[in-house]
Every structure is written in structure tokens, then in C-alpha cells.
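Chemist: I am attaching a structure below and will ask some questions about it afterwards.
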Amino acid sequence: MAPFGIALLLGILSAFGFAPFNLWPLTLLAFGLLYLPLTKVERGWRAALIGWLFGLGQFVLGLDWIAKAFTYQANMPAWLGWVAVVLLSCYLAIYPALAVFAAWWGTRRLRGGAATMALLFGAGWAVCEWLRATVFTGFPWNPVSVSMVDLPLAHAARLVGTYALSGLVVSSAGFIVILAMRPKEALTRKTIATATNVPAAIGLGLLIGLYVVPALLRQFAPPPPPPFPKGPVVRIIQPNIDQGERFDPQQAAKHLALEQALSGVPGDKPRLILWPESGIEQNVLEDPAAREQVASILGPTDFLMGGGESPIRDKTGEEIEAGNSIFTIGYGGALYARYDKAHLVPWGEYLPMRPLMSALGLSRLVPGAIDFRPGPGPATIDVPGFGKVGMQLCYEIVFSGRVVNEVYRPDFIFAPSNDAWFGRSGPPQHLAQARMRAIEEGLPIARATQNGISALIDADGRILHSIDAHQSGMIELPLPAPRPATPFSHMGNWAVGLIALLLAGLAFAARRYKDSFI
């Protein structure tokens, strides 16, 4: 079984740090223990296989919600969902394999010890998480640092972002093992006072910087910005419509009545009403009467933002593509703005190489007969009375560093979603990643979902109010204020390269110390 079976089990253990379990110490423990089998590896392919098996275990458990989505596909057997989970995990595990191999190879080349490996592993992990978020359109679900979203250290994402912070967390796990295995050698008064034990000095500095300093700063930090004084109110609705009937045209009128009832009636104050992805089933782009019907609940100073489809037609009027859109509708049914989702889900919202796949009979792998067309990217619109609104539709919110228009920074982000596809683990994982975007960018986020988890998140990533999964309800609160633009919002994921270079430089400095993990 050892070391490959151990690596697989440690990968599974590491996944328990993510939502809905939120057992983050297990993630640290799993990464720390992963170093132990690597100390005995003599061949590069064996190191890579250890990393691949670790990643396989982590992704199969962490992405189990993907299997649930297949139960809503009438053209496909439900068991195919688990095949998809395993195949996707086999691909994603390549990135941990690369990170482990890079750490093993670099340690051998530098003739270093445990500290060198821990630092190189963190550097490689940060780069490989960024690659996972980029290659083949990217799939950055569950980066390691998201498991720490409830800890003070998550606020370091304001400085370096999610992927670089993941690298620091991975390195810290190695130093926890080093200091735990050799406390007398690493923590003597002499070595601390004179810094003669470079690995111990680096390790202590990293651990204090990640886990102690943020907690202390949190105690003395200025209070979070209050909501806008007497400011605009948002009303987030969660209709809890069963996914099996969500797209049934016979049910559209009933769904609209439910959503309008949750939206309430006009009052003395302006309202921004937020509906989820697919919340607008009517063709509001082309049918003014449909827009008027949807907008019948709006007063003169109210606006409604919600998700729907935008048909894209050829010259004959036949629908050939569609936009997965957010519509902003004003009083009387005026179409104020439209945003089309830019980062589409392959195999979910479009079929890659459709002509070839259709010829092979694989078009049934996607729910629709036509593809969604991507929009231009993150957008910000001015909504009178409510400020500048950034828009990110569903899956787009998981892409660190790519959620805000760089030219026109919003006051908050509206992120509607339909998480009804994704079982019990997908929605809380999605919410955790939205919280990390709020921390990184210093911006509040309003999430409106079909079946949960809808939430209003402040600029520090705190959930001000939420609606649990599979419940119907609404949230009506003043908008939280944004923080000033964060260092990460200026630097973006260049921080990954900087942190990787820093860790690699420290690994070079520590190369003369041959301490092992055991």
C-alpha cells in the first residue's frame, strides 16, 4: 500500500477541509503527512505518481457534486455522472503531480533537505493552482486556501490572492511537520536567538506570519465599513423551484408568480431586487410585453436584476445560439442593461467542437441543442440610486483575479447562480469561493440562487445573512460598503509568480540544511 495508497488516502483526507465539512485542520494534516512518503522516493515518476494519487483522492471527494448534475439529464444514465467525476479528477490530478515532482526534483538538484522541499512544494503548488485555473479555459474549483476562508489568514488574500496563499499554506504544512518532528533541534534558544538554524527561522516566520499575525491584526484592525448611511436596500430572493420543473414552459407563469410574491410591492424607498440565474424564464429581450409583465412589481425608482436567456438568431430568424444573461429591468419594463456570461462551462453551456461531437453522437452530453455564446468579460453598470454594479454569473465567480472590470471598479458584485444542479456539497463550496473573491477584491457580493445558498457577503468575506439550501425566502438589507482597492486587485495573479520566486529563493537559502521529515 505504501507510499501510493497512503498518498491516495491523504488526498481524500485533505478534501474534508472544504465545505460542507470545513475541517481545515485535516487539510493541513494531510499536506503535512504527504511529505513523509516523499522522503523515501528515489525516482521522479514515483514522486509524480504520489502527487497524482493525492490529487485524485482530493478531487474525487471534493467534486462529488458533479455526479448529481447528471441526474437531471434525461438523455444520460445517472451512473455516467460518477464516470465524469473520476475522469475529470484524473485530469485535474496532473497539477498536484507536477507540483510534487517539481518539489522532489528541485530538492534533489539543490541537495537540500526537508525545508527546501517544503518551500519548493509551496512554490510549485501556487503555480500549478494558477495553471489549473487557466489551461483549457480553467477549472479552479476548491483551491487549498479556500478551506481556510473562516480563519484570519484568509485575509492575506487581499495581498497575494487565493492561489499564492494556497502555496503558502502548503509550505506551512511542511514546516509544521518539521517543527513537530524535531522540536528540540529547531526551537532551541540558541538557534532562535542567532537564527543559525535557517529552516527553523524560515518555518517560524512563515507560521507566525500566516497564523499569528493575521489573528492579532484582526483584534486591532479598524472596524469593517458600515452599510451605506441610510443607503440603498437590496432584496435577494430564493424561490426554491425544483430543478426538474425549472425549464418546463407549462410552469413559467407559476414560477413568475412565486418570484414576484417574494419580491414584494413598491414602497417609499428605492429597491434593487435580485433574482437568480434562470430566474427570468420569459423572453424579455425580444418581447416588450414580457418585460412589462416581469416589471409589474417595480415602482418608479426600483430596478430588477436577474438571469435569463438572450436568443441569438440568424438572418432567417432561427435561433442559432443564446447568451446566458443578466438583465437589468426598470419601471414599466424598460430594459436598462444586459450582461452576457463570458466564462462558459464546457460540456454544460456549450459543446466543444460541436460539429465533430454531434457527428459522433455525443451532442446529448449537453442539455441543449444550441450553445451559449460567451460575452466580452467582467462588466460594471451604473444603476441609478444603487451605484456601480459588477456582474458575475454563476461559475464565473470562482476565477480569482478575473471577476472585476479593471477600468471601472464596481461598488459591489452581483453573482446570481443556479446551484440546484449540484447536490449538497456544491452550493456551500461555491459560497466559500465567493467569500474569497469578496476578500481579495474588498467588495461586497450579493448572491441570488434558485435553491441556495443565497447570501449577502460584506467586503471582508463575512456572511451578513443567508438562506439555507432548499428553502424559499428573501433577504432585504442595506448594501455593505466596499473597501478601498486591495493590493491584489491592482497586482492580480502576478502575485503567484512573486510568491513562487520568494519561496524558491528561500529554498535556495535553506539548501545547506539536510534535516529530513523523519
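Placement of Cβ uses the backbone N, Cα and C atoms for every residue, glycine included.
Please treat TrEMBL annotations as automatic predictions, because they have not gone through curation.
Keep in mind that this is a model prediction, so the values were computed, not measured.
So TrEMBL lists these for the protein:
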type	residues	note
DOMAIN	237-481	domain 'CN hydrolase'
TRANSMEM	6-36	transmembrane segment
TRANSMEM	48-67	transmembrane segment
TRANSMEM	79-105	transmembrane segment
TRANSMEM	117-139	transmembrane segment
TRANSMEM	159-180	transmembrane segment
TRANSMEM	192-217	transmembrane segment
TRANSMEM	491-510	transmembrane segment
Chemist: Note the mean pLDDT of the domain 'CN hydrolase' (237-481), expressed as a whole number.
Modeler: 90
Chemist: Quick check for me: are there 3+ Cβ pairs below 8 Å between the transmembrane segment (6-36) and the transmembrane segment (159-180), leaving out pairs under 6 residues apart?
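Modeler: With 3 or more qualifying Cβ pairs, these stretches touch.
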Chemist: Please determine whether the transmembrane segment (117-139) and the transmembrane segment (48-67) are in contact (criterion: at least three Cβ-Cβ distances under 8 Å, sequence separation 6 or more).
Modeler: no
Chemist: Near the transmembrane segment (48-67), which residues from the same chain, at least 6 beyond its ends, have a CB less than 8 A from one of its CBs?
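Modeler: That would be 3-4, 7-16, 18, 30, 34, 37-38, 41, 78, 81-82, 84-86, 88-90, 92-101, 141-142, 422-426, 429.
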Chemist: May I ask for the residues of the chain that lie six or more residues beyond the transmembrane segment (79-105) and have a Cβ under 8 Å from a Cβ within it?
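Modeler: Long-range Cβ neighbours of the transmembrane segment (79-105): 11, 34, 38, 41, 44, 47-56, 58-60, 63-64, 66-71, 117, 120-121, 123-125, 127-129, 131-132, 139, 170.
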Chemist: Do any residues of this chain, six or more beyond the ends of the transmembrane segment (491-510), have a C-beta under 8 angstroms from a C-beta of it, and if so which?
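Modeler: For the transmembrane segment (491-510), the nonlocal Cβ contacts are 106-107, 110, 112-113, 115-116, 119-120, 122-124, 126-127, 129-130, 159-161, 163-164, 167-168, 171, 198-199, 202, 400-401.
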